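Asks: Straight out of TrEMBL:
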type	residues	note
DOMAIN	98-222	domain 'VOC'
BINDING	E152, H170, E218	Zn(2+) binding site
ACT_SITE	E218	active site, proton donor/acceptor
DOMAIN	229-344	domain 'VOC'
Amino acid sequence: MASSSLYHLSPFRPYKSPSSSSSSFRRDVSVPVACSASRRLALIQLGTVIPQSQLFGVNASTLLKSDGNMTDVSTVANTAKPLTEENALDWLRKDKRRMLHVVYRVGDLEKTIKFYTECLGMKLLRQRNIPEERYANAFLGYGPEESNFVIELTYNYGVDKYDIGTGFGHFGIAVEDVAKTVDLVKAKGGKVTREPGPLKGSSTVIALIEDPNGYKFELLERKSRILEPLCEVMLRVGDIDRSIKFYQQAYGMDLLRKKDDPENKYTIAVMGYGSEDVSAVLELTYNYGITEYDRGNGYGQIAIGTDDVYKTAEVVKLFGGDIVLEPGPLPVFVDNVDFMKELE
């Protein structure tokens, strides 16, 4: 089985926890879903890295090897080849990466599942309840997690509303007939914020809707075969060029296209690990003159696969990452072998 790992993306600053203790991590402050102590992971953000040892109480001087045994960090440091920008970029070119799932919090799990399955045609892939930690989650999408980009919903007991903030933009869903989908959403009592119609200066038909929690979905009409219906996550950034460079160097993403619109005062950059026609992508939006956004507490993170979680974290640090303790909506690395075992 090919080994690959995952991490989560967010352009926002780390959440400042009242306590720096690892025991203070909870689902409502962006602890990764269903991560057992055997799963190799690190939390990262633009400029930050949180190793697994700080999440699960493992001594900070040890690391978990692929065979499940612990090894001393100093041993790894003494035997590992020194990391340079050159060999880091070479590693990125060889690494196998894929956007796996997007994580966010909802106030009514069952109502959200009903909306996604009945209005958007998603399938409930798996669901579980963790009463001892007072949260539940559900995975939904258009195909198996092994090959499709999916959604992970998190419900924290007793929390019925979240602040989505201004940093999160929307999710993109490719459909064959936007008008038909919008009619279904209306029939089910859903909210439509933009009626079907072509984008300005384009023949692409889109519409905007909101789910029961206020998360926006952009419906994009595609007449050709749709390989990845959950096709896009849009996030707003305060420095488009810095973000592009960081996602290219630290995350190994390709810049698929970039468009500047002076008339409407915004720039977008579409980034990912493959063509927009076959894989999910990240759309970064820069609005002229806006350098900061409110991240809220609803949107969480995007999980992405990588072959080696430790090497990837080191690459992120090389290109500007710092080790931090604060939990928040951060990127996450999880070894894909463990991910596949969890699915089994």
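Here the Cβ of each residue, glycine as well, is placed from N, Cα and C on the backbone.
Heads up, TrEMBL stuff is auto-annotated, nobody curated it.
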Asks: Would you count the other C-beta atoms found within 10 angstroms of the C-beta of E218 (Zn(2+) binding site) for me?
Replies: 21
Asks: Need one number: mean pLDDT over the domain 'VOC' (229-344).
Replies: 82
Asks: Long-range same-chain neighbours of H170 (Zn(2+) binding site), Cβ under 8 Å, sequence gap at least 6?
Replies: L208, Y215, K216, F217, E218, E232, M234
Asks: Across all the protein chains here, work out how many other Cβ atoms are within 10 Å of the Cβ of E152 (Zn(2+) binding site).
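Replies: So the Cβ neighbour count for E152 (Zn(2+) binding site) comes to 23.
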